[in-house]
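Structure first, commentary second.
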Amino acid sequence: MRRVIVAAVVLFSFCILESETAAVDNANDTARQTTPLHKAAASGNLDQVQSLINQNALINGQDANGQSPLHLAAGNGHLEVVLYLLKHNADPDLIDHAGETPFHAAIRNGHDVIIHHLIKEVADVNAQNKNKDTPVNLAVWYGHESIVRFLLDYADLGIGNADGNLPFHTAVIRGHIKIVRLLFEKSFDVDIRNGKGQTSLHLATWEGHDEIINFLLDNHADLTAKNSEGNTPLHIAVIRGHLAITMGLMKRGSRVEDVNGHGDTPLLLAVWYGHNDIIRFLLDYANLGIRNAEGNTPFHIAVIRGHGEIVRFLTEKICDVNIRNSKGETPLHLATWEGHEEIINFLLGKNADLTAKNSEGNTPLHIAVTRGHLVITSTLISEGARVEDVDAHGNTALLLAVFYGHDQITQFLLAHNADIRAMNSAGDTALHLAVLKGHTEIAAFLISKRAPINAQNKNLFTPLHFAVLQGHVQITSLLLQNNPDVNVQNTVGDTPLHIASEQGHLNVAELLVRNRAESLPNSHGDSPLHVAVRKGHQHIVRLLIDNRFNVLEKNENNDTPLHIAVAKGYLDIVETLLAQSSELEEGNKQLNTPLHLAASNGHKEIAEFLIRRGAELKVKNIEGDTPLHVALSKGYVHLIDLLSRADLLYLTNHQKNTPLHLAVDQGLKQVVVKFLGDGAEVKVKNGGGNTPLHIALDKGYLDIADLLIGKDAPVNAKNANDDTPLHVAVAMKLEHAVLLLLQHGADIDAQNLAGNAPLHLAITKDGYRLQETLLSKGAFLNIQNFDGNTPIHLAVQLQAIEIVQLLLANGALVNIKNARGNAPLHLAVLHRSGELANVLLINGAHANAENNHGNTPLHEAAWYNCEEAVKLLILHGSKVSAKNRDGNTALHRAVIRNYLGIAQILLNTSLVNRDVGTYINAVNGEGNTPLHLSVIGNRFNISRLLLQKGASINLENHEGHASLHLAIWNGFLPIVRLLVENGANVNGENRDGNAPIHIAVSKQNVEIVKFLLENHAVVDVKNKEGYTPLHLAVISHFTNVVEELVKGGANLQVKDNSERTPYDLAKLKGYDGIAKLVMF
């Protein structure tokens, strides 16, 4: 803990003191200084203190350390001065720069009497300083037992400092056993943790306080508690080398197998820190094969740490010196990595495996070479290590030595038969790696040993490629002196000169050119000059041009170096290239000239330069664009004056766009003004049939549209979709434009390819104000598009009730039909809008109007489950019995869709005001009544409703099926039961003579068969083929049905029309099991 240093330097700010004893503080002085009052208080000179205060000295003034006179008097134990200062309003809670009050100061120095007085004055007895220490924590730290005892009645013992240490922890750390006991008596939890997860036992063990450790253990301290790093007290004792404490903890029950956060046991830690005596002790308890998180055993760790004595000791305890960790490393790998020569020799003497590879395929020799251990390398080879072994990446020891720049090891390995031509998995030789890493001396040595100078790796890079890539001038020169292939190409076709040109290595490029480097194309067709230009390396470009490299050479896109320079915006390179050639109209594959590319990239200075050199403005690229078109499509206004001429404004590209079209499309108003002033044609259409006015409106550029209309742009011109500008303006909701167009004669009822007039579009775009505007200007509100829809049809489909009301108020025909025969009322119901249906009905819509399928609005309301509309329609006279082309009534449709609510409304006699019997049994085109359909669809609730309302239960459809036949066919027993309970004929026959029981048998529905028999179905009834139900069951091989029929009393001797009994049929089919059941 820090001790407060009392400052002695006096700083004077605004006044000169006449004498040291008579000086007073200036009350307005804001500087921190040591005043005479500070000095008097610190020395305990009460008379001087009294005199200075009488002269109005600043009683709470703070010195350079932030301490007041009260701090100094309390810290130095001057009671009388303290009392006098307090009497004259000295602040007992003032804090200094360390965050401490005078109370803290008194406690630091153990002034009991002063503490007894100050405690009555301080606002907070638990005030914390900057280290978060409370007064009681300080008292504990300094071992002031009497003060601690005094503060116990006032202080909060549960407040920790910056490390989270409570007073109890502090007492343990400082070894104050008496205070430990005192605080323990206050019911302290011996296992309470600080901010690092440490218990008191951890702390006592770290500090080596044996007596406190025993006290804590006697009071049940937790031996297994782990701190934030996972260490138990035993781990701590081992780390600190406390043998006696280690033994004591083991005796008390500590577990030697516990691991910390890194997977270390106490034994592993003992080995790590080299505590021989603890290791020997723990081996009586611990497993020597234990491993940490990295798979290292004690033996591995001893090797890593270089503890030779422990290594030798542990070797006596184990039999495998080649034991591996989780990375596949043996002790020899580890000793080699760390460079422990003595341990290496010891391991080799114990037959350590020289050929063992770790998980990366490294042998000890690879490790020695990587780490640059020449002596160890020599030792391993002399002991039989193989120089040809490769790691997981195919590297031999030589390749690694070269890569890491170990020249002596490189020479040593070559002297011991290392293969200078060996390649790793990437195909790199030793020379490749030496060059790549810039090891000039090693490269020279390898070349002197005839390393293959033109060897190519898997990407076909030679050492020369690598030297150039790295910009190693000296190595490049060295290689060139040995006649390498200077024009060799890698997998992407790059020669060394391509690479030098791309990287901008001028000195290297000069060497290559002097050594006959050629201008070969790479796989993209780029020459070295193309590459240099693309990267903007003017100095390389100049070098190549000076050496007569072809400036007109083309790559795979037919770009010359000039094209690339222009596209990249390198004016200096453009000027350099054009100094060699005047070819300006050469096009690339897209037929872009250099001027096109300047326009495309917005390079004004280059465009000006090209035009000065005679570049043609009218030339077109593959899209038919002139440079002006290109600049306009990119919105480059700053290029327009440069690229534009009056004769260019009539030129169109392949999409038939003139420059005016493009200027409008980009919203370039000033350019449009210029073009119009230069005579641009406003009537011309592009490939989509759009005039500039169409485009301006589609983009929402009203100011440009105003300009065009003012220049007599055709307001009724139609594009490819037959849209006029008015269509476009309406679609974009441009009210001002709509009014302007109409003022200039736009056809208000013009129809496009879909037959839509502007009013149709206004409705689909939800432009209410536009609709009002169009109607006020005379738009025909009953105009039909090619689907036959009028504006009111569309408004209904959009459920736009306000628009519908607007149209009706302006005379829209409420019963007009579209191409499908639907009136607006049909559509309102189809969209389930009762509110719209009501509006239309109030305005005269026909409730019984039929569409092309014969459906009335009531049919549609029933189909789309619109209960509100059904009620409205009935109240407005809809015919409930009306049939559509399929013969279905609204009730039929409700049943098909399983809309119980609709069916209930349609069968509500008080609502329909008629007897439902007139339509409840209505048959459709297939002869089905609503009851038939409800049974077919398994609609139980609707079936019950229909029966309750009087539906005829035994009516047959056109196929002769009654409802019961259909219910059984579907196999739905609840409906079968419902029908039978309501009087269905259980023996009624259809056209084939099949009774319900025949159908139940054919469906193998035993439950229904049993139910029918229980309800008096004739068990031996015959169909037209003379088959009884038993015959059918036998033929169908339905054993369970046969058993039920036999149990129900079926006649076994009855014969079909061919005089065969059920038994005869069973034998005929080979159903022996069934034959036994029907034998008579």
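Backbone N, Cα and C atoms are what each Cβ position is placed from, and that goes for glycine too.
Copied over from TrEMBL, here are the features:
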{"type": "SIGNAL", "residues": "1-23", "note": "signal peptide"}
{"type": "REPEAT", "residues": "163-195", "note": "repeat 'ANK'"}
{"type": "REPEAT", "residues": "393-425", "note": "repeat 'ANK'"}
{"type": "REPEAT", "residues": "459-491", "note": "repeat 'ANK'"}
{"type": "REPEAT", "residues": "557-589", "note": "repeat 'ANK'"}
{"type": "REPEAT", "residues": "623-643", "note": "repeat 'ANK'"}
{"type": "REPEAT", "residues": "688-720", "note": "repeat 'ANK'"}
{"type": "REPEAT", "residues": "721-753", "note": "repeat 'ANK'"}
{"type": "REPEAT", "residues": "754-786", "note": "repeat 'ANK'"}
{"type": "REPEAT", "residues": "787-819", "note": "repeat 'ANK'"}
{"type": "REPEAT", "residues": "853-885", "note": "repeat 'ANK'"}
{"type": "REPEAT", "residues": "959-991", "note": "repeat 'ANK'"}
{"type": "REPEAT", "residues": "992-1024", "note": "repeat 'ANK'"}
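When averaged over the repeat 'ANK' (721-753), pLDDT in the model lands at 97. Residue counts for the repeat 'ANK' (787-819) under DSSP, split into helix (H, G, I), strand (E, B) and coil, are 16 helix, 0 strand, 17 coil. Tertiary neighbourhood of the repeat 'ANK' (623-643): same-chain residues 590, 593, 595-596, 598-600, 602, 604, 607-608, 611, 617, 651-655, 657, 659, 662-663, 665-666, 668, 670-671, 674, selected by CB-CB distance under 8 Å and a gap of 6+ residues from either end. Remote same-chain residues near the repeat 'ANK' (459-491) are listed as 426-427, 429, 431-432, 434-436, 438, 440, 443-444, 447, 453, 497, 499-500, 503, 505, 507-508, 511-512, 515-518, 520, 522 (criterion: CB distance under 8 Å, separation of at least six residues from the stretch ends).
The DSSP breakdown of the repeat 'ANK' (163-195) into helical (H, G, I), extended (E, B) and coil residues amounts to 16 helix, 0 strand, 17 coil. Remark: secondary structure over the repeat 'ANK' (992-1024) totals 16 helix, 0 strand, 17 coil, with classes taken from DSSP. For the repeat 'ANK' (959-991), the residues of the chain that approach it from at least six positions outside its boundaries are 926-927, 929, 931-932, 935-936, 938, 940, 943-944, 947, 953, 997, 999-1000, 1003, 1005, 1007-1008, 1011-1012, 1015-1018, 1021, 1023, judged by C-beta separation under 8 angstroms. Residue counts for the repeat 'ANK' (959-991) under DSSP, split into helix (H, G, I), strand (E, B) and coil, are 17 helix, 0 strand, 16 coil. Secondary structure counts, DSSP: the repeat 'ANK' (557-589) has 16 helix, 0 strand, 17 coil.
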